[in-house]
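Have a look at the structure below before the remarks.
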Amino acid sequence: MAQHLLHGTLHATIYEVDALHTGGLRSAGFLGKIISNVEETIGFGKGETQLYATIDLQKARVGRTRKITDEPKNPKWYESFHIYCAHMASDIIFTVKDDNPIGATLIGRAYVPVDEVINGEEVEKWVEILDDDRNPIHGESKIHVKLQYFAVEADRNWNMGVKSAKFPGVPYTFFSQRQGCKVSLYQGAHVPDNFVPKIPLAGGKNYEPHRCWEDIFDAITNAKHLIYITGWSVYTEITLVRDSRRPKPGGDMTLGELLKKKATEGVRVLLLVWDDRTSVDVLKKDGLMATHDEDTENYFNGSEVHCVLCPRNPDDGGSIVQNLQVSAMFTHHQKIVVVDSEVPSQGGGSEMRRIMSFVGGIDLCDGRYDTPFHSLFRTLDTVHHDDFHQPNFTGASITKGGPREPWQDIHSRLEGPIAWDVLYNFEQRWSKQGGKDILVKLRELSDIIITPSPVMFQEDHDVWNVQLFRSIDGGAAAGFPDSPEVAAEAGLVSGKDNVIDRSIQDAYIHAIRRAKDFIYIENQYFLGSSFAWAADGITPEDINALHLIPKELSLKIVDKIEKGEKFRVYVVVPMWPEGIPESASVQAILDWQRRTLEMMYKDVTQALRAQGLEEDPRNYLTFFCLGNREVKKEGEYEPAERPDPDTDYMRAQEARRFMIYVHSKMMIVDDEYIIVGSANINQRSMDGARDSEIAMGGYQPHHLSHRQPARGQVHGFRMSLWYEHLGMLDETFLDPSSLECIEKVNRIADKYWDFYSSESLEHDLPGHLLRYPISVDNEGNITELPGFEFFPDSKARILGNKVDYLPPILTT
């Protein structure tokens, strides 16, 4: 049967199965007997039935009910689903299974042809359940379902941007959008005083950068009642204030000393740090994990700081195998700081306090402090002497010298009602995994800490509307509703037995669908939509990197090409994911990335051909990485030792170059809307039941790109980032949707790549933005950039390698 593109939202309800005669396909053949025997031997087989149903679009799993226990004949779920889709499919498939501790037993499948729903009519019917040979199962059971498909074109926000200040935010989410907020955006941990691009904003102002770690230092220093921190890693030995031109009282204290001091002053200091249980040797030796979790716990032992190492516990709904996967492979990845702070308008003498929060990509740990200059060698005797981070070379150390690994990252400070949502997230997580009930009871402080209220009037031109999004499940946060109906209204996805919040993915999908002119992304990873990958040496349905973001981006570009409207997507990723670039895990991730990009470029080139256009696909979708290269200066730090000869380390030191590690997790749409958080563009971050994540999405209602280009804080922030990456400002950068802009940015990045990769070096690199070193032909195939099979100074393949012995769940 012909496949159709389902691009939009599918509303589905699974009611019940009429009359099951259990046994299903279990007894079929030899394998069924083995499973039964194994179950009986280890005592699993005698239990009750645990029936659940799933929804697939072709071979992509898009929905699943909870389990119904001990209703073997007539399971009733009555569960509704709100499914974002961007899939080619001929059938919508409902599968009924009986769960057991090792896996699940197939009962049968029911098929609804996409032809029946594609026109948008509501379809409600009893559908026959079939076996693997498409024959009715024993007893001719049927499943009762309802479906209605809404194509993206029918969405009133499609291609419209944020139309007005009345835009309500992303629907079906746990946290609704908050008004009257204030947001500060940070490009990295620190911005020195000599980084001063002149970027005009609306109202005659110029953009002013903020300083993340200085602001966090001030927030912690000034807290009087509570300091709550979560991190993938928190390292007690770092200092937050390092700029000798901007000293602060107490700025030489380490983070650990500062937190202990605040706790002795009577402030409740609670830390939730991911308990790195992996010790999966395969990852450890690749340098992927070095979180200091045990050092941090030991440091605070016996102090008044409460530090809890929390593993990424699976929710109770998985099989034994799945639960082992979650606790061994996945992480707590949220990076937040929540404090009480003074109420600015009350003056210094007031006792009144409010809640302030920080959310983003920067962990409070080693290797994160950097500035927009991203020096490789010149800070090794100053701010990076005791914070030398270089996990991409075996045995790298300050005694052997640079290049250090520079760090590109993005963070935000949230004030107003939105800051309380970050607090609620912490309280939910502490209640689930923190152990003792020692959260500050804010109700008892209601005369001091003002309740969630706007920090700005809606009329104020600097005001923000902001919404909080997460990837998390009931294994990591308390307070999720039990009833499927209430969960569905809050946008929570029901799993077999767990409730999942995957609103970060929803927020990205929503923002991409709304986009009118351009999208700018910086992210540490870029892979997904594996249901649409070519079956080149893999079985795509085995990969399960099912999130929609890459496919949504390419379908948006295709739609604009078909309409003859201009639209551009710019993506910045690291050269390779942090770790030894030749290692199996890094090569596997690069392979997934190549497959993702190829899938997108094939969509784009096909659309161009269909319109008779012979254009470079990079004029629509373009990928970059960041790197730096510095000439040697007099008086530079001289290492006592040298790297081993003929190593990547030695070659990079001699060539005086290295990548700038892109750790950002950010998307800007049309210069009016921004998402900043901890979530990568991969399945781990977007799934909800894998890594736990948090993000904010916001806009300034007085600075929308409705009748004229947006010129608020989001625009200023993007221009400041481009100034950092390109080393210049240019008129054409004001309109990233124009052909002139994308051609100019591509041209500059191509030139900088030539400088970066050349044999000789006469000057510092004039900017950091480099083309991602791949070629795209006019059919969308991705091949090596001529002369570049390997990253400079390494033997690591740029296009990656398929690695069969690492399970995809680990690297996607």
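Each Cβ is built from the backbone N, Cα and C atoms, and glycine gets one as well.
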Listed co-binder of 1,2-diacyl-sn-glycero-3-phosphate (same site as His333, Gln524, source Swiss-Prot) among His210, His225, His663: His663
Nearest of the recorded positions (His333, Gln524, His663, Lys665, Asp670) to Asp340 (active site), judged by Cα-Cα distance: His333
Alpha-carbon spacing, His333 (active site) to Lys665 (active site), which is rounded to whole Å: 12
Between Gln524 (1,2-diacyl-sn-glycero-3-phosphate binding site) and Lys335 (active site): CA-CA distance (Å): 15
For the domain 'PLD phosphodiesterase 2' (658-685), mean pLDDT (0 to 100): 98
Distance, His663 (active site) to Gln524 (1,2-diacyl-sn-glycero-3-phosphate binding site) (CA atoms, angstrom): 5
Other parts of the chain folded back onto the domain 'PLD phosphodiesterase 2' (658-685), taken as Cβ under 8 Å at six or more residues beyond its ends: 161-162, 185, 232, 330-331, 333-335, 359-362, 374, 376, 402-412, 469, 471, 504, 507-508, 511-512, 514-528, 544-547, 549-550, 572-576, 578, 625-628, 652, 691, 693-700, 703-705, 709-712, 714-715, 717-718, 736, 768, 812
Lowest local Cβ density among His333, Lys335, His663, Lys665, which the record lists as active-site residues, within 10 Å: His663
